[in-house]
Amino acid sequence: MRPLPRPITSTITTTTTTTTTISVLLRSSGSSTENALCRQCTRLLLPAGGIGIGIGIGIGRRQQQHIRPFSKSSLSPATATAASSPSHRFGASYFSANTLLARLNAGGGGGNGNGNGSQEGQPTGMQVDSTESSPNPTLTAAEDAANLLPHRRRQAARRAAAAQQQQQQTQGQELPPDASSILANVAAQQPAHSWRRKMSALLSLSKPRLTVLVVLTAMAPYALYPVPGFLSSSALVGEAPSLSPLTLLFLTTGTTLCSAAANALNMLYEPSTDALMSRTRARPLVRKLISTRSAILFAVGCGVVGTGLLYFGVNPTVSFLGAANIVLYAGVYTPLKAVSAVNTWVGAVVGAIPPLMGWAAAAGETATAGSWRELLLASDGSSIGGWLLAGLLFAWQFPHFMALSWGVREEYKAAGLRMLAWVNPARNARVALRYSLVFIPLCVGLCAAGVTEWTFAVTSLPVNVWLVREAIRFWRYEGRKGSARGLFWASVWHLPVVMVLALLQKKGMWQRVYRSVMGAGEEDDEEDDGEWEDDDEEEGTAAVAVPASTRG
């Protein structure tokens with residue numbers, strides 16, 4: 001029998017000699033397995049009857065003992081002590097077959113911390129190729145994830161899901177840029193004391209987008225008022241009841257100026273609060289693009305001129321409503337934001353007044369006395385349509401603002417503004433859902449009041465259901481998972497769609513269009529003229545008969 005090689009004999013004697021001998025065998029073999037030591041490779045290198053080896057080379061184990069690779073149980077106390085010895089432990093390059101250790105090596109935390117190919121405890125001539133000990137840079141993300149241990153894959157999946165949820169929440173917080181801030185940026189780019197700089201700053205004070213929305217909500221009820229003529233110039237000469245273009249011009253101009261005055265006063269009241277919020281910190285008064293004195297003059301001038309145009313061009317009732325809106329918005333709603341979450345309901349009342357202004361302006365065209373009771377509380381019930389439209393705008397404020405405020409709730413909290421989005425998030429979602437449900441009965445009510453055709457209740461149903469669906473998601477997730485963004489954009493599209501559908505289905509409008517196109521209008525006019533002539537003859541006969549009876 002051939003004697004065992006000396007290196008193998010030394011492996012049986014001591015643990016330290018075993019470590020050195022296996023290193024020499026691996027080095028002398030010249031094989032490519034020097035960086036991937038495992039049980040199978042060790043068996044190939046050792047002669048038959050060799051020693052079973054685990055992760056720490058379990059010296060002293062019996063031959064052919066099946067030891068689980070890379071398990072802590074395969075280490076005896078003596079082996080563990082020898083393996084942990086600084087001068088005889090294996091370097092991290094031996095375990096590069098374990099992708100976890102290779103990953104640690106790439107991060108600088110594996111092995112003994114050496115960045116070069118030389119490992120502590122290896123012979124001087126044994127060098128490890130750095131390209132082999134580092135992870136393959138060409139591995140795809142799928143292959144890299146597949147090489148992870150199962151629990152590592154589960155942790156990576158949880159981290160990816162959390163990152164995706166965070167991204168969705170961040171997307172839900174994204175809001176369209178503020179028009180006032182955009183105009184303030186334009187003003188800042190202009191030369192100092194230039195005319196364009198001042199005009200851009202003043203226009204920014206008026207909050208253009210909000211002002212346009214206010215004006216449109218006043219124009220739509222004016223056009224929906226049930227009178228025979230539609231924007232006819234005959235009202236100027238008093239031939240027939242109609243909607244006057246001149247009255248509409250005064251209404252839109254006066255409403256625009258009143259809204260600009262209210263918005264400017266709002267900015268004058270809270271520049272310090274605007275500076276704390278990302279959407280408002282670029283406004284002109286915060287950036288000192290316009291002086292406080294100029295802003296006050298602009299606000300007062302717009303308020304006086306706007307209410308004056310409504311008073312002399314429309315009627316005193318509409319002028320009073322415009323002035324009341326300025327007081328409510330700038331004098332009640334703005335300071336109340338720092339006191340109580342009830343400010344949202346006050347702001348909803350402010351949004352409901354412009355529809356009443358448009359309705360009262362149209363009602364004044366056919367009114368006899370022109371008192372506010374006749375325009376807003378008519379005994380025949382003709383003013384119900386105006387209140388329904390005001391209710392529609394009142395309810396719309398809640399799903400729109402609750403979704404908008406949720407994305408910046410932390411900024412509202414830091415600024416000290418008490419909004420339901422952070423004071424009571426659950427109630428914030430419930431309020432948005434509650435008021436989203438009232439649009440369907442409001443649309444049906446407009447049909448029953450004779451403002452629109454009954455087809456409006458059907459055509460407006462899809463957009464109302466869409467808003468309710470987004471409000472339910474907002475309530476269920478309390479603004480998370482993109483539900484706030486979905487409700488916000490649903491509310492943005494909901495209001496104009498409902499208004500356009502109502503205008504297209506105004507009561508009796510298409511019948512009058514059909515009669516005018518088909519030529520039936522002339523016959524109706526002749527019949528109406530005959531009725532008016534008969535009435536005149538009856539009145540004349542009665543006037544003559546009364547004196548005759550008195551003489552007899």
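Including glycine, each Cβ sits where the backbone N, Cα and C put it.
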- Segment assigned the feature region 'Disordered' in TrEMBL (from 2-26, 152-176): 152-176
- Query: Is it the case that the transmembrane segment (486-504) and the transmembrane segment (210-228) have 3 or more CB pairs under 8 Å, with pairs at least 6 apart in sequence?
  - Reply: yes
- Counting only residues 6+ away from its ends, which parts of the chain sit with a Cβ under 8 Å from the transmembrane segment (343-364)? 214-215, 217-225, 227, 243, 247-248, 251, 255, 262, 310, 314-315, 317-318, 321-322, 324-325, 328-329, 332-333, 336-337, 370, 372, 374-376, 378, 382-383, 385-387, 389-398, 401-402, 418-420, 431
- Top stretch by Cβ pairs under 8 Å to the transmembrane segment (290-312) (candidates 210-228, 248-269, 318-336, 437-457) is 248-269
- Query: Looking at 210-228, 318-336, 384-408, 437-457, which one has the highest count of Cβ pairs under 8 angstroms to the transmembrane segment (248-269)?
  - Reply: 318-336
